[in-house]
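For reference, the structure discussed in these notes is given below.
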Amino acid sequence: MSAPAVKVALVGMGRMGRALDALAPERGIEIVARLDAPEMARGLTVADLGGAQVAIEFTTPETALPNAEALLALGCPVVIGTTGWNAQLPRLDAAVRANGQSALWAPNFSLGVQLFLALAEDVARRARELSGFDVHVVETHHTAKKDAPSGTGIAIGERLEAGLGREVPITSVRVGSVPGTHEVLLDAAFEQISLTHTARDRRVFADGALAAARWLSVSREPAVYTMRDVLTSSPTLTDAP
């Protein structure tokens, strides 16, 4: 007998919200509330959540944290996919602990990007032992993306800097409708190494966010979690029960 569907509230019905809505039934997720700017602006109530066990938030850098705080205050754990606000993570941590709830934030929910981050960190450690290599990150997204560099670009840069022990520059490109491409370049006088991750469709982000919501729907200790926490405890993330 299959497990009951996880009940999820979507906060933000833009491109990612619609992608989540479309994929949810395939992943054993029931969308019980679809909330956008008007609902959030008038003040969220328990009734608005429709019995959701967890919410997934994809809105704007300006509204992500207030939205998360409102959800946590109503006793609803929240997965946050919005980027560009993470300098305020201490405030999210305070809200999590004040309300005894849990949250999960990730700059990118693609499972391939999680592998890419690990590879980048390993390459950086090895490159530190060599001389003559300049390291650079290039991140490319659609023209509607507001934050630059992207949250994923920053995360890649942080992993590289941890391995190299020095600052790594990031170049941001905004063009067309690109879902997301990230490249790490290691350039020397006579050779170049490049690592590239290309997202071909937003479904890849929706898949990971739904997996994160399923993981967070199980009672967790009050904390701000990451996709690394999900990956270490979920051997098969995208299968429905």
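Just so you know, the numbers here start at 1 and follow the chain as drawn.
Quick reminder: no glycine exception, Cβ is built from N, Cα and C everywhere.
Feature annotations, reproduced from TrEMBL:
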ACT_SITE  His141  active site, proton donor/acceptor
ACT_SITE  Lys145  active site, proton donor
BINDING   Gly81, Thr82, Thr83, Ala106, Pro107, Asn108, Phe109  NAD(+) binding site
BINDING   His142, Gly151, Thr152  (S)-2,3,4,5-tetrahydrodipicolinate binding site
DOMAIN    6-109  domain 'Dihydrodipicolinate reductase N-terminal'
DOMAIN    112-231  domain 'Dihydrodipicolinate reductase C-terminal'
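What TrEMBL annotates, mapped onto the structure for a quick look.
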{"residue": "Gly81", "record": "NAD(+) binding site", "contacts (Cβ under 8 Å, 6+ apart)": "Met16, Ile56, Glu57, Phe58, Ala106, Phe109, Phe205, Ala209"}
{"residue": "Thr82", "record": "NAD(+) binding site", "contacts (Cβ under 8 Å, 6+ apart)": "Gly12, Glu57, Phe58, Thr59, Thr60, Pro61, Thr63, Ala64"}
{"residue": "Thr83", "record": "NAD(+) binding site", "contacts (Cβ under 8 Å, 6+ apart)": "Pro61, Pro107, Asp147, Ser150, Gly151, Thr152"}
{"residue": "Asn108", "record": "NAD(+) binding site", "contacts (Cβ under 8 Å, 6+ apart)": "Gln114, Gly151, Thr152, Ala155, Gly180, Phe205, Gly208, Met227"}
{"residue": "His141", "record": "active site, proton donor/acceptor", "contacts (Cβ under 8 Å, 6+ apart)": "Ser150, Ser172, Val173, Arg174, Val178, Pro179, Gly180, Thr181"}
{"residue": "His142", "record": "(S)-2,3,4,5-tetrahydrodipicolinate binding site", "contacts (Cβ under 8 Å, 6+ apart)": "Arg174, Val175, Gly176, Ser177, Val178, Pro179"}
{"residue": "Lys145", "record": "active site, proton donor", "contacts (Cβ under 8 Å, 6+ apart)": "Arg174"}
Just give the helix, strand and coil counts over the domain 'Dihydrodipicolinate reductase C-terminal' (112-231), going by DSSP.
51 helix, 31 strand, 38 coil
Cβ-based neighbourhood (8 Å from the centroid) of the NAD(+) site, residues Gly81, Thr82, Thr83, Ala106, Pro107, Asn108, Phe109 excluded:
Ile80, Trp105, Gly151, Thr152, Phe205, Ala209
Residues lining the (S)-2,3,4,5-tetrahydrodipicolinate site besides His142, Gly151, Thr152 (CB within 8 A of their CB center) are Thr83, Pro107, Asn108, Glu139, His141, Lys145, Asp147, Ser150, Gly153, Gly180
Cβ neighbours of Pro107 (NAD(+) binding site) where a neighbour is any other Cβ within 10 Å
22
Minimum Cβ neighbour count within 10 Å among the binding-site residues Ala106, Phe109, Gly151, Thr152: which residue?
Gly151
Using DSSP, what is the helix/strand/coil residue split across the domain 'Dihydrodipicolinate reductase N-terminal' (6-109)?
46 helix, 23 strand, 35 coil
Quick one: average pLDDT across the domain 'Dihydrodipicolinate reductase C-terminal' (112-231), no decimals.
93
